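Undergrad: My questions will all concern the structure given below.
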Amino acid sequence: MTEVPWSVVPNGTDAAFLAGLGSLWGNSTVASTAAVSSSFQCALTKTGFQFYYLPAVYILVFIIGFLGNSVAIWMFVFHMKPWSGISVYMFNLALADFLYVLTLPALIFYYFNKTDWIFGDAMCKLQRFIFHVNLYGSILFLTCISAHRYSGVVYPLKSLGRLKKKNAIYVSVLVWLIVVVAISPILFYSGTGTRKNKTVTCYDTTSNDYLRSYFIYSMCTTVAMFCIPLVLILGCYGLIVKALIYNDLDNSPLRRKSIYLVIIVLTVFAVSYIPFHVMKTMNLRARLDFQTPEMCDFNDRVYATYQVTRGLASLNSCVDPILYFLAGDTFRRRLSRATRKASRRSEANLQSKSEEMTLNILSEFKQNGDTSL
């Protein structure tokens, strides 16, 4: 997050309010705090490690995420028909990841260019919008996958009607609508800004002018689209594990797929989503309320850690394809079949070309032999 220096007071209104309270109460501490807050700004981290760390992570995510999700989409479209309910959710998850990795080349260039954004304000807004759509779309689709697997394991007979592909399509459309509507304020809050050295930054949160309202929006989004889904997922997995323990499902495909699902999804949350949301909230709070000289070192560490978690948050686009491979026997089986078929086709083409080349050589040899006679 390369932004203008932090300030506790986006537009000066809060500082004037605090100073007025200090004068009214005769409290010099409040008044002096307001004066310091209105004039003092902690500098951002001086290490510049994000110029190297973030592009390196994004390059890795782009390569692995592009290949993995391209294969996943190809499999779902051409080799996974007819779809099951869980296939619908996985396809939408792969689509969200694929759309996100397509935006990474511009972001990689941005950091190699010392965070000087050259692609315009609209592209900056679109970049941040797609990141958040992928982030929360992935969380909600993982929640749908977890709830689907919970119904199939805990209530295998009662859930037969609810787990149909048609219902999964309706739920997926609803998820996309919820995410797009909930994330649309990002198009207002994000954008570009010009620094004192005339370079252009692309805010990954917002400028100081809208920081306080953005913090409220961010907290609402975090609770509604991260905390609640996390609680639902943990509840589903607790009941799945309980059902696997008490039911005789030793070595069954359902047991194996369920265990893989629990491990992968919880790993994604532990590595990507939880650290990002914790540090994003701490960073916003530091920009708002911890702007004093003695807090600058703390703010600097918070900011640096937040940059690390931003890279981690993008790793889900690499991990999700592993979910399709390990948690879906059908996907793994059909991928193996499609790979063998493509390999045989390639071998047949090579053999055909080799035979054609041999015949051409023999033909030329005979012609040359005839003319020499």
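The backbone N, Cα and C atoms fix where each Cβ goes, glycine too.
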Undergrad: Scan C42, C124 and flag the one Swiss-Prot records as disulfide-linked to C296.
TA: C42
Undergrad: If we trust Swiss-Prot, are T115 and K242 on matching sides of the membrane?
TA: no
Undergrad: What residue among C124, C144 is stated in Swiss-Prot to be the disulfide partner of C202?
TA: C124
Undergrad: For each of C124, C202, A304, count the other CB atoms within 10 A of its CB; which of these recorded positions has the top count?
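TA: The residue with the most neighbouring Cβ atoms within 10 Å is C202.
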Undergrad: I need the least crowded one of these binding-site residues (R285, R287), counting other C-beta atoms within 10 angstroms of each C-beta.
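TA: Among the binding-site residues R285, R287, the sparsest Cβ neighbourhood within 10 Å belongs to R285.
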Undergrad: If you count the C-beta atoms lying within 10 Å of each candidate's C-beta, which of the recorded positions N283, C296, Y306 ends up with the smallest number?
TA: C296
Undergrad: Most CB pairs under 8 Å with the transmembrane segment (261-284): which of 52-74, 88-109, 126-147, 167-188, 304-325?
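TA: Stretch with maximum Cβ contacts: 304-325.
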Undergrad: How does the topological domain 'Cytoplasmic' (75-87) divide up by DSSP, counting helix, then strand, then coil residues?
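TA: Summed over the topological domain 'Cytoplasmic' (75-87), the classes give 7 helix, 0 strand, 6 coil.
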Undergrad: Apart from its near flanks, which chain residues at least 6 from the ends of the transmembrane segment (88-109) lie with a Cβ under 8 angstroms of it?
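TA: That would be 54-55, 58-59, 61-62, 65-66, 69-70, 72-73, 76-77, 119, 123, 126-127, 130-131, 133-134, 137-138, 141-142, 144-145, 148, 165, 168-169, 171-172, 175-176, 314, 316-317, 320-321, 323-324, 328, 331.
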